[in-house]
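S.K.: Before we start, here is the structure in question, set down as structure tokens.
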Amino acid sequence: MEEPTRLVEEATTNDMDGQNNEEERDPESNSLCQPLLKRNRTLSSSPFALVGAKVSHIESLDYEINENDLFKHDWRRRSRVQVLQYVFLKWTLAFLVGFLTGVTATLINLAIENIAGYKLRAVVNYIDDRRYLMGFAYFAGANFVLTLIAALLCVCFAPTAAGPGIPEIKAYLNGVDTPNMFGATTLFVKIIGSIAAVSASLDLGKEGPLVHIGACYASLLGQGGPDNYRLKWRWLRYFNNDRDRRDLITSGSSSGVCAAFRSPVGGVLFALEEVATWWRSALLWRTFFSTAVVVVILRAFIEYCKSGNCGLFGRGGLIMFDVSGVSVTYHAVDIIPIAVIGIIGGLLGSLYNYVLHKVLRLYNLINEKGKLHKLLLALSVSLFTSICMYGLPFLAKCKPCDPSLQGSCPATGGTGNFKQFNCPNGYYNDLATLLLTTNDDAVRNIFSVNTPSEFHVSSLIIYFALYCILGLVTFGIAVPSGLFLPIILMGSAYGRLLAIAMGPYTKIDPGLYAVLGAASLMAGSMRMTVSLCVIFLELTNNLLLLPITMLVLLISKSVGDCFNLSIYEIILELKGLPFLDANPEPWMRNITVGELADVKPPVVTLRGIEKVGRIVEVLKNTTHNGFPVVDEGVVPPVRLPVGATELHGLVLRTHLLLVLKKKLFLHERRRTEEWEVREKFSWIELAERWGKIEDVAVTKDEMEMYVDLHPLTNTTPYTVVESMSVAKAMVLFRQVGLRHMLIVPKYQAAGVSPVVGILTRQDLRAHNILSVFPHLVKSKSGKKH
């Protein structure tokens, strides 16, 4: 993994300018015991990342089950009926996530098809009347207004709604808390903004925003609504924790993909392959149930709209490109052109990622200058898009209609493969057929089968070059946007070009070449294989495409991996989100967690019965989230030294704040009774986060009192021995979904502390380790196993 970009560092500096040095200090070096001689090497990390429009403080999520006394008591006293109610509510929320996502996706499709459709009909009418300037003014003006609406909403109300949202969801499910990503305002802006942006003919899709919309619904349902208007229903509060919220957001992201591509199994596999870090069989069932609900909702609305009650919407179905009735035949000799498609897709995908990385760095520098610059950038892209889409069809030659083909030529309605544009009767403009249409119709047109000579080579070259440029300059502006559609259209264009070039050597239909080209470019850029394969099979409704689709995807991904990361990983790097990859670097096996602990500040520990003043001091002078609880002078089992030191567990900052807020203080140093703790706390309260230490008022007399931390301490924290390699520790940390990992000594003896150190997510990131141990760069192979 490469070092975080200088852009994030510059943004951090600008954003924190004017704040005090206390706030800018690295939390990992913020210990109570500052040595007189500072270490030359300290494992430090930045807790800041670009989220939305500004640099935000990033924290990890507590996915680990906190097995303290209150949690154990609650599970012991739960009746069978209560457990069944809890499980039933999980399935109910999964149903609601799928239902709301399906309804919203249908409304978004309905709005886009009607807004864009009536806009394009008006433009075509102006062109039919030879009023070309008026047609351009109407086309550019409508796109300008729609882009302005989308950009204003994102810039002024919800900056986190800009972009696809998939990288942030991926980071959240990896254990990174991305602020303000799943709020009600973000959801509203995402819905309205995606409708306006896609209707404005910008080169972006609604697929990425739909994934974010599904995740927002899941998060809001899990926490009982928006922050200011949460439902206080008793059973709903059981879901107000990071672990259950993670499962719901996983179902929401799957539902979003299903709603975008009408692919229920593909949605489940997308969540499994691309966004989810944690997976289990129960989550698989609920996720599949959510996508099944989405499909039922989509089918119901499509059946209703076929009667003509939805305006221009309703011509499509669950299958966007139905080739079930087409004879798909290929032979051994066709393996060569199929392999060529995969290789070119991998090369183009990695090149696209590289250039987009540079463009996003430039856009971030522009966006840093303020809201006005963001608006001007979005509006400039809209104007450039309108000029290209309206002007370029005039460069295409009119083609005569083929009388043997079915369908009207040229098309007289809002859909069809043959747009007349400026051509005489009996002729059509193939470039206008692809550009002056809605996104769904563009996909159908370029994927159409049995149309080998429908598009001219020059038109396909212009279309491919245009969408490459528009795809690069459009993604990154302050509007909700998705990457799927631009990549699909780019890939399908070069797929048809290859079909024309290889026509004498293969009998595969050019429409199938377009499908394979889109799949290869998506695999080359996004590096997905299994989920993409199923999505394309569900889109085409033809299992005969399975072998060649699998081959293309595998080749494209393999070629792309030779050059750079996937597009979503590049965005995560740009934003500075501390995402932990599934595969550790090879050189991580050459260093132990004990060596990492040596270059960190001393671990801050608390005693089982601690003074209130000590707790307040620790909370004020550190930003750590967890503290080991150590008891000294414990009477041990037989055959152990008398007066042993015990590692009782780990207590969280939020639980310490709750103790101070509830004032469970003792006048003398003693253990509390179980009933005393249950009288003050419930384990549901322990799942919530409780403000800051500055919000808690503690008197001088209370500072001398005591707190028994034993009932609130997680007695089963994950620990690793100090001789374990960093690679092995990182795999455990990521797969279990940890926030803290305690390091215990290899040798136990009297007077030896039972805890050597504590590792967090930032400590296991490759570039942080390399900054402290530069000699590891020599053994760095750059390849991941």
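Cβ atoms are placed via backbone N, Cα and C, with glycine included.
Summarising the annotation, TrEMBL assigns region 'Disordered' to 1-30. Here TrEMBL flags 88-112, 133-161, 283-302, 335-355, 375-396, 460-490, 543-560 as transmembrane segment. Residues or ranges marked as domain 'CBS' in TrEMBL: 713-779.
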S.K.: Taking the transmembrane segment (543-560) as the first stretch and the transmembrane segment (283-302) as the second, find out whether 3 or more Cβ pairs fall under 8 Å, excluding pairs closer than 6 in sequence.
M.R.: no
S.K.: Considering only the recorded stretches 88-112, 283-302, 335-355, 375-396, 460-490, state which has the highest number of Cβ pairs under 8 Å to the transmembrane segment (133-161).
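M.R.: By Cβ pairs under 8 Å, 375-396 leads among 88-112, 283-302, 335-355, 375-396, 460-490.
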S.K.: Rank 88-112, 283-302, 375-396, 460-490 by Cβ pairs under 8 Å to the transmembrane segment (335-355) and hand me the top one.
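M.R.: Between the candidates 88-112, 283-302, 375-396, 460-490, the best contact partner of the transmembrane segment (335-355) is 460-490.
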S.K.: What are the helix, strand and coil residue counts for the domain 'CBS' (713-779) according to DSSP?
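M.R.: The domain 'CBS' (713-779) comes out at 27 helix, 12 strand, 28 coil.
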